[in-house]
Structures are given as C-alpha cells and as structure tokens.
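Participant: Got a structure for you, written out below as structure tokens; questions coming shortly.
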Amino acid sequence: MAPSHALKCCTRALNWVPVLFINLVVGWSYYAYVVELCVYTIPNNAERISYLVIFHIFLAMFIWSYWKTIWSKPASPSKAFGLPRAEKELYEREERAEMQQEILKKVARNLPVYTRTAGGAIRYCDHCQVVKPDRCHHCSTCEMCVLKMDHHCPWVNNCVGFSNYKYFVLFLAYASLYCVVICATVIQYFIKFWTKQLPDTHAKFHILFLFFVAALFFISILSLLSYHLWLVGKNRTTIEAFRGPVFANGQDKNGFSLGFSRNAAEVFGDQGKYWMIPVFSSLGDGHSFVTRLVHINPEQANSVLQQNGKRLVIVLQILKRFPFSFVCWLFISNATLITALLMWRPTLVYSVTIYNAQQTTAKRKVVSC
C-alpha cells in the first residue's frame, strides 16, 4: 500500500509540471515586456504608458480565465444517479450481463438518460457506481465521472467539462490575444534590434526571444481555439467529435445540436454581456441537455421530398412553356398551393428535458420550430 500511495503522490506532483511551465513562461514574458521593453527600450512616455495599459488588460483577463479553468472543480453526477441500496446489492450479486442491464434500465427509467453505449446498453460507471448522465464520462486521471466531459487537459491539470468549459475557451481566446498584443507592439523594436538600428544591450535577447515565443504560442493556441469554437458551434465535446453519442434510435453526431446561436448559448449563456467574462453563465445543470429528435419515418420523409420535388418541377415547366398572362392567372388561382410549395420546410422537433434532482423525475416538452 505504501509504495502505491507514494507513486500516486509523485504522479500528482508531476501533473503540475506543465502548469508550472506555463506560469514560468508568463512570468518571464511579463519581465521581458514590462522591464526590458517598456522601461529600458521605449523612449517615449506616451507610447510606454499606452503599451503597459493594453498589456495589463489582456494579461489580467488571460490569468483570470486560466486560473478559473485550473481551480474550478469538475462537476460530478448527483446522488440521484447512484443505485439505491436494494438495486445495488442485486447488481453486485448478479453475474449475468442481461439481468444487470435490466436492473440498470429500471433505475434509469426515472432519470433523464437518453444516450446509450455503442451496444445500446445503459451507460454505467463501475468505478463511481453511478448511472452516467448524458455526455458524462469517467476520467482515469481525476478518478471521477465528469459531467459533459470534453477532455483532461495537462496544461491546466484539470478535467475540462461542464463546470469550466467556458473558462477554457476564454483562456484560449485571451491567451491568443495576449500573444497578439505582444507581437504587435514588440515587432518594431524586434526589427530595429535585428537590423542593428538599436545598440546591443541586455534587452536585445529578451525582446528577440519574446517575439519568437509569442508568435509560436499564438500559432499553436489559435489552432486549438479554432477547433473548440467549431465544437461550440456544433454543440459537441472533443469526445463526441471522435465518437458520436448513441441514442435509442442509433448514433447521431448532431444529437445535441440546436443551431449555432443556441449552441453558443449552451456554453456562454443567454446574456451576451457575460460571454467574454470568466464567470459561470452556461445553461443547464450538466445532468440533462436539450436533444434534437426528428420524429419522422425516413421512408416517409423521402416520399414527401420526392412529391414536393416533382410538384416544383411541374411549376417550373409551366413557367417556361406558357405565356406570361396564363402564368399570372395560374399563380393567382393557385396562390395557396404555390406558396406552400415554395415555403415548404421540414419541421424540426426538439425534445427538451427538464430534470429535478430532488424528485428524480423527468418531464419532456416537445417544441416544434
């Protein structure tokens, strides 16, 4: 037990190395920018003050969002998703997988759980002994189930999920802007040192290296930021991007997508004034999510599309072959039909799940839009 405990402590300590590295780089960039550039290199006071003000604004937002990402505890499933004592004893005694699934189905019947395993079974965590809520996954590093888990990030030594995904995206955004500010304000002095227009001083190394480091970090962070903004627009997690969620009627990678604006609101909230501030404003409780359910038979949908397509072709042929006056008469007499053809669109049906953890009941609303 002792060696295992010591190994676990060493692993936890080593997990902080990437975070320490980031903080050392940021600390050095602060010294290089404020002291070597603004104090020793820039001769103009107005330019120096304006650079310092802009730099500290973006630095503050960057550090704020970064530390919120690190220290926000990952949200885990509530006690309502655990097995009651009787069902838990039955589940542990039962050796047949089919009967275990029947026990889980009985428990999940009163929970807002709509996703399944690839084989169609109820998602259950043997480590945490809970029925997994939708989009919840077990993190082996954090040793817990994380609500709406996106990934475990070594650079923040934390799981990125429901409780801190907004902070993580803002951290990437402000880190990119922090690098842009450094590159944009340092480049003129970088060129002057590079072309020998300024004398070689101790500031030269810091300014040259600062520009290269900021540019390198900007390129790498921008690619990651672009990917996560794409995920936000699709309402997917990194895990779901690689393996789409499975529902009762099969796998659907767009199962949680509600349109770009609503997808963004799921992460950043429905009040725009909080979007760029590292405060929690995400919608929901992390246990249940709005899902997109299309209640229509695929065969029926294809036949409807074919019928409407044929009707539209007939209308276009009439417009080509007959005189303008006849077309006008036809349009007026059949305005309702033509309007219906031109304005026809499929109806999307969304299933909205409202979950009450106290009562462990789920109500479903169907909204057509």
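Just so it is clear, glycine is given a Cβ too, placed from its N, Cα and C backbone atoms.
Positions annotated as domain 'Palmitoyltransferase DHHC' by TrEMBL: 123-242. Positions annotated as transmembrane segment by TrEMBL: 20-42, 49-67, 167-191, 203-227, 322-344.
Are these features on the surface or tucked inside, and what are their neighbours?
Facilitator: Mean pLDDT of the predicted structure over the domain 'Palmitoyltransferase DHHC' (123-242): 95.
Residues 48, 51-52, 55, 59, 62-63, 66, 155, 182, 185-186, 189, 198, 201-203, 206-207, 209-210, 213-214, 217 of the same chain, all 6+ positions outside the transmembrane segment (20-42), place their C-beta atoms under 8 angstroms from a C-beta of that stretch.
Long-range contacts of the transmembrane segment (203-227) within the same chain: residues 25, 29, 31-33, 36-37, 40-41, 169, 172-173, 175-176, 179-180, 182-183, 186-187, 189-190, 193-194, each at least 6 residues beyond the stretch ends and with a Cβ under 8 Å from a Cβ of the stretch.
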Participant: Under the DSSP assignment, what numbers of helix, strand and coil residues are found in the domain 'Palmitoyltransferase DHHC' (123-242)?
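Facilitator: Per DSSP, the residues of the domain 'Palmitoyltransferase DHHC' (123-242) fall into 68 helix, 16 strand, 36 coil.
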Participant: Is the transmembrane segment (49-67) packed against any residues at least 6 beyond its ends, judged by a Cβ distance under 8 Å, and which are they?
Facilitator: 22, 26, 30, 33-34, 37-38, 42, 156, 167, 170-171, 173-175, 177-178, 181-182, 185, 278
